[in-house]
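I'd like to ask some things about the structure below.
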Amino acid sequence: MTATDPKLTQKKSAAKAALSHIEDGMILGVGTGSTVNCLIELLPKVRLKGAVASSQVTEDKLKALGIEIYDLNQLGVLDLYIDGADEIDAKGNMIKGGGGALTREKIVAAASNRFICMVDDSKIVNTLGKFPVAIEVLPQARSYVARELVAMGGDPVYREGFVTDYGNVILDTYDLDITDAAKMEFTLNNIVGVVCHGIFASQSADLMLKAGSTGVDTVVF
Ligand code: 5RP
């Protein structure tokens, strides 16, 4: 992606719009990905008390800016979590996890009062599922979980050479029927060996900052 890439420009616009939702003295939940990287670059403009990072990559970037990192276990509920998404529907349900940070992202999102999702308009879908669902699996359960996914009509692809922050592996799964995101989230949660997966229906977005060619729209769910 080049500096003049229109998608990058849109990601930067969404990130700039997100800044106005951050209050002085906050401990902010910070997501992972190229859109969040645009936000991280802008964080020196606000007065955070600190941050909870959703991945090691994000943590390293925040530390490099001198932002204090908090362990979620030291804190109560966070006011705000800001992240991107791979797909988002009209109800704020999302597919996340393209970057493989889905489990930590879901934990920080679950521990936060509000989730603001920053997207460029290519991420908007009617029904989730064109983007594969990243399913984080305990290494020993990989083949078993893959067979279960195939039995459900899915097409799991092992993300070779990738290990999550928690030492697990990822099955990027195509062709799941996600017409009911909450139902599929629940079904996948119940497969033994699945640690977490990238359907965010229980942890859906509360607000979306959608960047397009004409500016950034705010959508409240
Ligand atoms: C990482 C994620 C990201 O939020 C998602 O992949 C979107 O990334 P980007 O902002 O680079 O398009 O879930 O695990």
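A Cβ is built for glycine as well, from the same backbone N, Cα and C atoms used for every other residue.
TrEMBL: automatically predicted annotations, no manual curation.
These came from TrEMBL, pasted as-is:
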ACT_SITE  GLU105  active site, proton acceptor
BINDING   THR32, GLY33, SER34, THR35, ASP83, GLY84, ALA85, ASP86, LYS96, GLY97, GLY98, GLY99, LYS123  substrate binding site
Sorted by position, what residues of the same chain at least six away from GLU105 (active site, proton acceptor) have a C-beta under 8 A from it?
GLY31, THR32, SER54, SER55, ASP83, LYS96, GLY97
Would you mind pulling the DSSP three-state label for LYS123 (substrate binding site)?
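Reduced to three states, the DSSP call for LYS123 (substrate binding site) is helix.
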Around ALA85 (substrate binding site), which residues of its chain at least 6 apart sit with Cβ under 8 Å of its Cβ?
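Result: MET94, ILE95, LYS96, CYS117, VAL119, LYS123, PHE200, ALA205.
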By Cβ count within 10 Å, point out the most packed of the binding-site residues listed: LYS96, LYS123.
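Answer by Cβ density within 10 Å: LYS96.
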Among THR32, ASP83, LYS123, which binding-site residues lie by ligand 1, judged by Cβ under 6 Å to any atom?
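Listed by sequence, the hits are THR32, ASP83.
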Report the member of THR32, SER34 (the binding-site residues) whose C-beta atom has the most other C-beta atoms within 10 angstroms.
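Result of the Cβ crowding comparison: THR32.
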For GLY98 (substrate binding site), write down the residues of its own chain that are at least 6 apart in sequence and whose Cβ falls under 8 Å from its Cβ; none is a fine answer.
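The answer is GLY33, ASP86, PHE131, ALA134, GLY198.
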